[in-house]
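Over in TrEMBL, the protein carries these features:
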- A:84-294: domain 'ABC transmembrane type-1' (DOMAIN)
- A:1-21: region 'Disordered' (REGION)
- A:27-50: transmembrane segment (TRANSMEM)
- A:90-111: transmembrane segment (TRANSMEM)
- A:118-141: transmembrane segment (TRANSMEM)
- A:161-181: transmembrane segment (TRANSMEM)
- A:224-248: transmembrane segment (TRANSMEM)
- A:268-294: transmembrane segment (TRANSMEM)
Amino acid sequence: MTALAPPAVSSAQTSRSAPAAGGHGRVWWMVLPALIMFAGFGIIPLLGVLGLSFTTWDTLGVIKPSGFDSWHQVLTDPGLPHALWVTFEIMALSWLFQTPVSILIGVFLAGNQRYREFLAVLYFIPLLLSAAAIAITYKALLDPNFGLGAGLGLGILQQNWLGESGLALATVVFVVSWQFIPFHSLIYQGAVRQIPVSMYEAAQLDGAGRVRQFFSITLPQIKYTIILSSTLMVVGSLTFFDLIFVLTEGGPSDATRSLALDMYKTGFQANLMGPACAIATILVVIGLLLALLLRRLGGRGDESQLEGA
Amino acid sequence: MTSVIAPEVGQSAQAEQGQGQPRRRRQPSGERKNWLGGAVGWIWLLIVVIPIYWIVVTSFKTRASYFITNPFLPGKPTLENYKFVIDADFASYFVNSVIVTLGATVPAVIFSFMAAYAIIRGTGGRFLGFTNSIFLLGLAVPLQAVVIPIFLIIIKLRLYDTLLAIILPSIAFAIPLSVLVLSNFIRDVPRELFESMRMDGASEWTMLWRLALPLTRPAIVTVSIYQGLTIWNNFLLPLILIQSPEQRPLPLALWNFQGQYGVNVPAIAASVVLTTLPIIVLYAIGRRQLLSGLTAGFGK
């Protein structure tokens, strides 16, 4: 069991140093079941998205090649910039909201309060719920006539949260954050625990206050966690589908019609599979670009983090 | 960050030790409390708990009392909503969800475990390296973006509107992350153990099940819980691949239910509670395992 203690990193060198004592050829087939499954329902569909974007298909008839028609249709449709903008807004706003709150809670949870354990248990619950259940709960909760606001007689809560464009977008961001802030604060909690206490002790002797310590030690030390968490947030937000679909169906008047939703509506509601695949291709490309960009950001000077520790 | 630890600190640290300040590990900043973090933490707790509490309380109200009572007070609790939901074929949706979740999680984890073993143990070989890169690439492929070709493949396989239609893509999309996590754990099994087992004449297949499996069991449990949860909660695949009501898994049934009984909020609340309850129970059982596994997976 002890061998399992540091799972993610290290010990690769120790076990790697000796060349394997034969048997290379005898294990390769063990990857086959996983490879076949993933190729069949992951890689082929990925290529299929690109391929189908050059065809016409309405889910019932035959698939006919149609050149760049779908692309032309998608790229000249004003719906695309709008969906891109909505996606970007949701991404940026949820990052801006989730990151500071998650870091604050993470740092707090890393302390040794008695109730820390209790809080961590409750914080985790939203992660267990399905996006459909969360969206349905919030839809009822935010109902301007019969929801929480009306029940409490609080005018401030009694808004048409999902019925007005600006509010609906903010509500989506909030509900997404409701689901994921607990997750990110747990990641930050783990990261803060890794920071050596000696650094804080030394800083304290130098007379550095709480705030100073936070900005001079905590933040730089969890830099890579911030990048990891941001990558998950940003790339994840690109694919929010179920929550927005159930909560607003993209409305009111397309105010929350993100790219993933746009693809679904174009494909499965308007039966335009070719254009939907073009949108999906754009989604994949943006996702890969963002992942690469964030990796570039985090990739430089990986060693410096270890130096500090 | 290094500027904070000035070299001369070393000496003064020794002086400070004498003052009987215990070296508390998890309170980095000494006596100074993190008021801001604490405030945000407790406020967020309220934000997390209020909707959950509200939905539970509402689920015990009658339709009539829902509109007139204080949303936070239970009033006269009734079980009629639960009876209503259970009568609406809840059991069969539940069974569908169990079939899909087990049917996808178990093969996904077994396949991933075998693949991870091969990738770690079968050194050299361009094929295994290539496979590993495919899986790593797979981490960046969102399911949402490839559902249309999946839909097409499922139709061509004549599996549309069957539970297998959800199971097969679910297996595929559980593989990349599972392989990554499991291979990190298998890599940590000391090589000597494999070698001594080989001396005893064990085949790779035996070593896979008799050595690697027991030693990586915590990781396997964690990966299974995580993937099981993801598959249980999946909404998109059932939405596009299932048509008939009797094949619906819970999240899709929930959504349909909401569309049908939109005004009956207490009944909707009861259905949300019922669909969530099994996961909460499992979480209560496997919480430590899940949390320790997750933090280990993300810890740097």
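Quick reminder: no glycine exception, Cβ is built from N, Cα and C everywhere.
All TrEMBL annotations are machine predictions without curation.
Only pairs six or more apart in sequence are counted, and the transmembrane segment (A:118-141) with the transmembrane segment (A:27-50) gives fewer than three Cβ pairs under 8 Å, not enough to call it a contact.
Sequence-distant contacts of the transmembrane segment (A:90-111) (same chain, six or more residues past either end, CB-CB distance under 8 Å): 119-120, 123, 169-170, 172-174, 176-177, 180-181, 184-189, 191-193, 214, 218-219, 222, 226, 229-230, 233-234, 237-238, 240, 256, 258. Cβ atoms under 8 Å from those of the transmembrane segment (A:27-50) belong to residues 277, 280-281, 284 of the same chain, restricted to positions at least 6 beyond its ends.
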